Structures are given as C-alpha cells and as structure tokens.
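J.: Just dropping this structure here.
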Amino acid sequence: MPSAESMTPSSALGQLKATGQHVLSKLQQQTSNADIIDIRRVAVEINLKTEITSMFRPKDGPRQLPTLLLYNERGLQLFERITYLEEYYLTNDEIKILTKHATEMASFIPSGAMIIELGSGNLRKVNLLLEALDNAGKAIDYYALDLSREELERTLAQVPSYKHVKCHGLLGTYDDGRDWLKAPENINKQKCILHLGSSIGNFNRSDAATFLKGFTDVLGPNDKMLIGVDACNDPARVYHAYNDKVGITHEFILNGLRNANEIIGETAFIEGDWRVIGEYVYDEEGGRHQAFYAPTRDTMVMGELIRSHDRIQIEQSLKYSKEESERLWSTAGLEQVSEWTYGNEYGLHLLAKSRMSFSLIPSVYARSALPTLDDWEALWATWDVVTRQMLPQEELLEKPIKLRNACIFYLGHIPTFLDIQLTKTTKQAPSEPAHFCKIFERGIDPDVDNPELCHAHSEIPDEWPPVEEILTYQETVRSRLRGLYAHGIANIPRNVGRAIWVGFEHELMHIETLLYMMLQSDKTLIPTHIPRPDFDKLARKAESERVPNQWFKIPAQEITIGLDDPEDGSDINKHYGWDNEKPPRRVQVAAFQAQGRPITNEEYAQYLLEKNIDKLPASWARLDNENISNGTTNSVSGHHSNRTSKQQLPSSFLEKTAVRTVYGLVPLKHALDWPVFASYDELAGCAAYMGGRIPTFEETRSIYAYADALKKKKEAERQLGRTVPAVNAHLTNNGVEITPPSSPSSETPAESSSPSDSNTTLITTEDLFSDLDGANVGFHNWHPMPITSKGNTLVGQGELGGVWEWTSSVLRKWEGFEPMELYPGYTADFFDEKHNIVLGGSWATHPRIAGRKSFVNWYQRNYPYAWVGARVVRDL
C-alpha cells in the first residue's frame with residue numbers, strides 16, 4: 001500500500017459525493033500563509049462510482065475494486081496509525097535510513113537546487129533530509145506536489161523554520177507537476193525528485209517504468225531522483241506488515257467497502273458479510289502482497305451473485321529484487337548513483353538520467369543551437385553500445401546489406417567525417433593518421449536497380465585498417481572536439497559551430513544506418529543495457545486497446561516549410577539546418593482526408609495474402625529459414641475498401657513469419673499492431689489496396705501542422721475544464737490511471753464531422769521543434785511500438801510508433817536551393833528522380849532530427865531496408 005506521505009487526494013476524498021463525483025477544483029480556499037502554487041491545467045474530476053461499476057463487472061479478468069476507495073478521510077487516519085505500527089517496516093526502515101544517511105544524501109544535492117516531492121505528508125521522513133541540507137548551509141527550494149490544497153496546507157504548516165530551505169506547495173496532479181517542470185523557467189534548474197514510501201510498488205512493473213520514464217525526461221544531466229523501494233523477501237515479515245496483530249490494516253481495508261457504499265448511494269456491501277484476505281505471493285521478480293475482499297457467505301452485490309469462495313482484489317504492493325530494481329532503472333532510462341539500505345529489505349536509491357536517455361522535450365533536446373558536450377557524450381555512449389557491444393568483431397568485415405560498405409567502414413567514417421569538417425573551419429591540421437580521409441570520407445549509396453551507378457565516394461581499400469587503430473583515431477577526434485568546448489559553447493564561432501553541428505547530425509543518421517544494416521544479420525548481439533521486452537504481453541495489451549483507424553479531414557491551409565539559416569550568418573543562437581531545409585517558404589495545401597495512424601504489420605499481411613504476393617518486406621523474415629530476396633517487390637495497384645475489421649490471418653502464416661528486431665526475430669503474431677516498415681513501392685501498393693494513396697510531402701507537413709493545432713485546441717479546452725484528465729496514478733494499481741484512455745472527442749473523424757474552418761486559425765508553425773512527449777523516438781524503446789490505439793487520434797510528426805513516414809513526393813531541386821558549402825553533395829547528389837522524401841523519425845532517431853519540423857530525409861523508392869512506414873490519405 002502507498003505510504004500516508006504519498007497520498008494525493010488525501011482528505012479531499014472524504015468529501016466525495018454519493019454520486020462518486022468530486023471536483024477538486026472546488027476545494028475550500030482556506031486562509032493560509034503557505035506558499036502554494038496552483039499548477040492545475042484543469043479542474044480534476046474523480047468518478048469513483050463509474051470505476052467501481054466497471055471494475056466490479058469486468059469484461060474479462062477477475063473482479064476488482066479501485067484502491068482509491070481506501071483513502072477517504074477515515075482511511076487516511078487509519079493509515080497514519082498503520083505507519084506507526086512495529087510490523088509496518090516500510091516507514092520505519094525509511095526513517096532509519098534517512099536518520100543515518102541524510103547528510104550523505106544531502107551532499108549530492110547542490111545549493112540552489114529545487115527538491116520536488118511527489119506527494120506530501122506529515123514530513124516525518126523528508127524533514128530529515130531538509131534538515132541535513134539546511135545544516136549544510138545549502139539554499140534549497142522544496143516543493144511538495146499534491147492534488148489536495150488542504151493536504152498541502154496541513155503539510156506545510158508542520159514545516160520547521162529553516163534558515164536556508166524554503167518550502168512551497170504545488171497544487172496539481174503528477175501530470176501537472178511534470179508539465180510544470182518542463183516549463184522553460186524550471187527545466188534548466190538543478191533538481192532532485194523524491195518518490196518515497198515505496199509507492200512505486202503499487203504500480204504494475206511495466207507501469208512503474210512508464211511512470212518513472214515520464215519524470216526521467218525532465219531531468220538534466222546533473223539532476224537526481226531519490227526513490228524508496230521495498231526489497232523485503234521474507235514472507236512472514238511482508239505478510240505481518242499488511243496483516244497486523246491489532247487488526248488496524250484489516251479495518252483500513254474494510255473501510256473501503258463503507259466508502260464504496262457512500263459513493264454508490266446504497267448499502268451494496270454489508271460490512272458484516274465480508275472479511276479481508278491478505279496474502280504474500282512469491283515470484284522471482286521480488287514477490288508481492290495483495291489484499292482481497294471475500295464474502296463470509298454467498299451474497300448479492302449490485303445484482304451480482306458473489307460466492308463465498310470468490311475474492312475481489314482491492315490492493316497490491318510489489319516488492320523488488322535487486323535484479324528487478326536494476327531492470328526498472330534501465331527501462332526508465334535511469335542509472336543508479338548510490339543507494340542506502342536497511343539490511344536487505346528496504347532501500348533508498350539515488351538515480352540520475354542515463355547518458356543514453358534522450359529527452360523528448362524541445363527545451364531540453366534543442367536547448368541550444370549547437371549540441372552541448374553532454375549531448376555529444378550521450379551520442380557517443382549510444383554509438384559505442386551499437387558498435388562495441390552489439391556488433392560482433394567477426395561481423396565487422398561483413399556486408400549485411402550488399403548495397404552498403406562493410407560495417408567497419410562506419411567505425412572509421414564517423415570520426416573521419418567530423419575531423420574533415422573541423423579541419424575545414426578551424427584551419428588546423430587534420431588528426432592522424434591523415435590518410436584516413438581517403439578511405440573513410442564518404443560511403444556508398446548505389447542505385448538499387450543498377451549498383452554500378454553510384455555517386456562519388458571514398459576509395460575502398462583492399463584491406464581495412466585494424467579496429468584498434470580506428471578506435472584510437474576515434475578517441476583522438478573526440479578529444480579534439482572536447483577541446484573546442486573548453487572555453488564554453490558561447491565562444492565557438494558560428495562557422496566552426498556549423499561544422500560541429502554537421503558532424504553531430506551526421507553521426508545521428510549513421511547510427512540508424514548501421515542499425516538497420518545490423519537488423520539484416522543473424523549475428524547481431526542483443527543490447528544488454530536494457531531488458532528484453534515481453535513482446536507477448538505487449539501484444540496482448542495492444543490488442544485490448546485497439547480502436548478503429550479513423551479518417552480526419554485536413555483543412556486547406558497555408559504552411560511554412562524550411563527554416564532561416566544563412567550560411568554566412570554569425571548569430572550563434574540561430575538553429576542550423578541542412579541545405580534541403582532552406583530557404584523557408586510558404587505553401588498552400590488543399591484539403592484532403594488522412595487516416596489517424598499508419599499501416600500496421602497486420603494490415604500489410606492481409607494485403608499480401610489477399611493479393612497473393614509472396615515477397616515479404618525486408619523487415620520481416622520466414623521462420624522456416626527460406627531465403628529472403630533483397631530485391632524489390634512488384635508494384636500492385638487496385639482498390640480495397642478500408643474495412644475496420646478483416647478476416648483473421650491464418651495461423652499457418654503467423655507461425656512462419658517474424659519481424660526483425662535488435663532482439664532477434666519477434667513472431668509476427670506479437671507485432672501485428674506495430675507500424676509496418678517497407679519500401680515506398682511496397683507500401684504504395686498497400687495504400688491503393690486500402691482505398692487511398694500515400695500523401696505528398698506538402699500534405700504530410702499539413703497533417704503535422706493540423707495535428708499540432710488539434711493538440712493546442714485540446715489543451716485550450718483542458719484549460720477551460722472541458723476535458724477530464726485522471727488523478728495521480730501512484731494511488732492505485734488499477735483504480736486510477738496517470739493518463740485517461742483515449743476516446744473520440746474533440747478530434748472528430750471526418751466521417752461524422754470535421755473541425756470547423758475556424759479551427760484553422762489555431763494552426764501555427766512558428767516553433768521549429770515539436771514536443772515529442774510520448775513518441776517512440778530517441779531510443780526510448782529499441783523496437784517499434786503498437787500504434788493501433790492511436791486510430792482515433794491524428795498522429796503527428798515522429799508519432800508513427802517508431803518509423804519514418806513515406807511521402808509520394810520525389811526529391812527534386814526547388815527554387816532557392818543552394819548546396820551547402822561544407823557538404824555540397826549532401827542533397828544535390830540525389831536529385832535523380834529515384835528518391836522520395838520521408839519525414840518524422842524512427843525509434844532510433846535522435847529528437848533533434850525527429851522533432852525538427854524543417855528536417856527532410858529521403859530514400860530510393862524501392863530501397864527495402866529503411867525503417868519507413870506510411871499512412872493512407874484520400875482526396876475529398
């Protein structure tokens with residue numbers, strides 16, 4: 001169960017009306033001297049009556065009741081008593097740890113930092129840390145985040161008078177708190193986020209990682225998180241912590257039934273007919289305790305017969321083994337800095353953002369025009385994982401894709417390319433060995449139809465240099481770059497900055513190139529720094545969340561394409577762009593209709609079967625080890641109605657087909673809800689079969705602009721209180737979600753009624769970078785993610801589930817295009833009428849690229865290996 005200190009609705013829950021609805025924005029505004037900042041974006045409504053009904057009568061699975069029922073006013077009072085019980089080791093252990101180690105913990109938090117505690121309480125625990133910080137003379141701003149003003153006032157009223165520590169309240173949900181931390185005035189402040197009381201144990205394990213990952217994204221390189229985790233694996237000790245000899249815990253649990261009756265408005269549960277069953281369940285992940293209601297006899301509740309042997313789950317508390325804690329941190333993009341434990345049963349873990357964790361928030365991932373040295377270090381950490389851990393030594397000289405150089409080329413190409421650009425702009429001598437520029441400057445990208453046709457490239461040696469020599473050279477170039485940052489990023493001239501920026505984005509793009517090459521090899525090693533996903537579980541969850549793929553009317557609108565970045569500019573704060581991103585221009589795009597999400601693996605498989613196409617996309621494989629052609633598929637035209645449901649794929653096909661991932665082959669049955677990635681020619685045939693076509697470059701940009709407008713419109717409505725976000729999910733495992741499930745609402749599908757023309761005034765392209773929050777880019781997952789729950793939402797830039805997006809537009813020279821001086825052949829070499837523009841980004845695309853609205857990528861239309869998907873559009 002959560003600790004009293006971490007409860008959010010708190011005493012506010014005692015005011016729940018009999019209807020089960022309580023609008024927390026109507027809390028009494030009590031007079032208080034407490035400094036409480038209202039950060040709520042919208043009034044929050046908790047409809048427990050609906051939750052009770054839906055969980056008591058589930059469509060599938062066992063009966064449950066929302067854990068939030070336990071935390072009305074009386075429940076909080078009872079739980080406060082529980083935290084003082086000898087058996088309840090969680091609070092006692094945490095206090096012992098803080099008493100002994102608070103001074104050491106405080107040493108990790110610098111003066112001038114802010115501390116944000118997720119949930120407020122009686123300060124019994126956090127005061128120990130605040131006192132240590134105050135004694136150290138550190139100026140600290142402490143913020144207690146809670147959804148209840150009354151709870152914040154009560155908490156802050158108990159704060160002792162500190163000399164250096166200032167205490168504040170944040171009134172809002174966890175989501176509100178995260179948005180507050182994302183604000184420009186807060187995002188760059190040093191911070192430490194506290195999540196005490198082992199409240200993380202009330203989440204399912206996958207949800208716990210998702211929750212933490214949300215806050216990881218707002219952490220800077222020097223920020224920290226301090227998280228309490230229950231690791232007790234003594235069954236008796238765990239059991240008695242939740243089943244005390246005095247019986248207070250069972251009284252606390254039974255009080256939930258009394259609260260349910262008040263909310264329902266009738267005596268649905270007769271208290272005397274129910275008892276509490278607590279049980280400890282052992283598993284290799286660390287075990288858990290769970291609590292149930294069980295009737296003492298057969299009884300009727302809300303028209304349902306509940307047998308005496310039936311049970312209704314109300315609460316669970318997961319325990320974490322050392323291995324599971326490490327899995328949790330790595331999945332959430334965190335690394336452990338230090339830990340303090342009480343024996344083997346409880347620990348406080350100090351965590352920092354992993355070097356490979358790329359933020360999806362524009363004010364973080366693009367906080368300066370030039371990537372920072374921290375950005376470079378994160379990039380190098382990722383590059384080194386791919387090249388030194390996943391790429392076997394014996395595979396370096398192989399060509400997983402025959403149209404590309406051997407893998408070893410890319411090890412030398414990345415530092416050589418950067419060194420060449422630095423040499424051009426600094427006028428200094430190249431790094432040694434200088435002859436590397438002859439063999440590593442530029443790779444090959446030949447014509448798929450005729451590989452003899454290829455742009456100018458470096459000579460291919462008879463024998464590549466030894467790996468050790470290449471890695472030494474790599475470190476030499478990295479050291480050279482670090483030297484340019486030695487006097488501060490603001491002192492780097494614009495022309496040298498452009499060379500650094502070009503080298504940075506060049507390396508970003510080649511990580512993806514190397515990875516999609518490695519995906520074609522059965523010798524690629526699984527990344528070990530993150531846990532292997534449970535693809536079966538992920539598939540079952542995706543299937544349960546499917547919604548129809550709706551059509552949206554994209555209104556006629558004028559959009560901006562490109563950015564302003566003069567080659568001879570001197571403003572170091574202006575963002576850089578490649579030659580194909582310039583000059584900026586306005587274009588008119590006619591109205592059309594677009595589906596909300598891209599084509600999935602399942603839809604593509606149905607297309608193959610119905611059209612009797614044997615050729616699989618290169619992203620798939622046959623499990624019977626048949627050879628897979630590396631050629632291109634025959635184009636297929638035709639029309640097929642876009643049905644919301646189709647016949648099920650035959651088991652014989654599913655059993656023999658898999659999708660390629662860095663984790664090896666994943667059975668197609670586990671990846672049906674993923675976006676398919678294939679060549680343009682392959683997907684164009686599928687789009688025609690589905691009753692549409694692939695959008696043009698301008699139409700795709702128009703989709704992104706309109707998707708942004710819809711988001712802003714929805715956010716404006718939230719500000720006005722028209723929509724209802726959920727409350728803090730730390731309160732319960734199943735009763736309350738962090739983010740409410742999607743439902744067709746303001747984003748009305750075109751079939752019924754499209755947003756009015758007046759909504760087009762909301763469309764804006766003044767911001768260069770997109771907020772990618774929730775997008776599967778930037779290595780937040782190392783594989784595509786299910787996308788079928790997004791059909792009722794118009795997905796925007798980078799939001800296609802981990803794939804780029806094809807457009808039907810050929811890459812051609814446009815008016816005003818000028819080749820860039822540093823790399824004149826970057827785009828110009830591909831004006832051959834064979835390449836189409838792609839937009840967005842994949843799961844392996846850095847946010848600086850995936851989120852930049854002006855960025856343009858391209859591939860040959862029949863190139864089968866790139867991670868590019870497509871959505872279907874149609875004319876009005």
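All positions are counted from 1 along the displayed chain.
Placement of Cβ uses the backbone N, Cα and C atoms for every residue, glycine included.
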J.: Determine which of His413, His435, His575 appears in Swiss-Prot for the same Fe cation site as His506, His510.
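T.: Record source Swiss-Prot; matching candidate: His413.
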J.: Need a hand: Swiss-Prot gives Asn202, Tyr242, Glu315, Gln316, Ser317 for L-histidine, which of Tyr84, Tyr88, Tyr473, Tyr485 is also on that list?
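T.: Answer, per Swiss-Prot (L-histidine site with Asn202, Tyr242, Glu315, Gln316, Ser317), from Tyr84, Tyr88, Tyr473, Tyr485: Tyr88.
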J.: Could you state the whole-number distance in Å separating the C-alpha atoms of Asn202 (L-histidine binding site) and His413 (Fe cation binding site)?
T.: 48
J.: Averaged over the region 'L-histidine N(alpha)-methyltransferase' (36-350), what pLDDT does the prediction give?
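T.: Across the region 'L-histidine N(alpha)-methyltransferase' (36-350), the average pLDDT comes out at 91.
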J.: Could you round the CA separation between Gln316 (L-histidine binding site) and Lys125 (S-adenosyl-L-methionine binding site) to a whole angstrom and send it over?
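T.: Given the Cα positions, Gln316 (L-histidine binding site) is 23 Å from Lys125 (S-adenosyl-L-methionine binding site).
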J.: For the binding-site residues listed here (Tyr88, Tyr242), tell me which residue's CB has the most neighbouring CB atoms inside 10 Å.
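T.: Compared across Tyr88, Tyr242, the most Cβ atoms within 10 Å surround Tyr242.
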J.: Sort the binding-site residues Gly119, Asp146, His413, His506, His510 by C-alpha distance from Ser317 (L-histidine binding site) and give me just the closest.
T.: Gly119
J.: Express the distance between the Cα positions of Tyr88 (L-histidine binding site) and Lys125 (S-adenosyl-L-methionine binding site) as a whole number of Å.
T.: 15
J.: I want to verify one value. Collapsing DSSP to three states, which class is Tyr242 (L-histidine binding site)?
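T.: Once the DSSP labels are grouped into three classes, Tyr242 (L-histidine binding site) ends up as helix.
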J.: In whole Å, how far is Gly119 (S-adenosyl-L-methionine binding site) from Glu315 (L-histidine binding site) when you measure between their Cα atoms?
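T.: So the alpha carbons of Glu315 (L-histidine binding site) and Gly119 (S-adenosyl-L-methionine binding site) sit roughly 19 Å from each other.
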J.: Would you give the longest CA-CA distance, in whole angstrom, between residues of Tyr88, Asn202, Tyr242, Glu315, Gln316, Ser317, the set recorded as binding L-histidine?
T.: 16
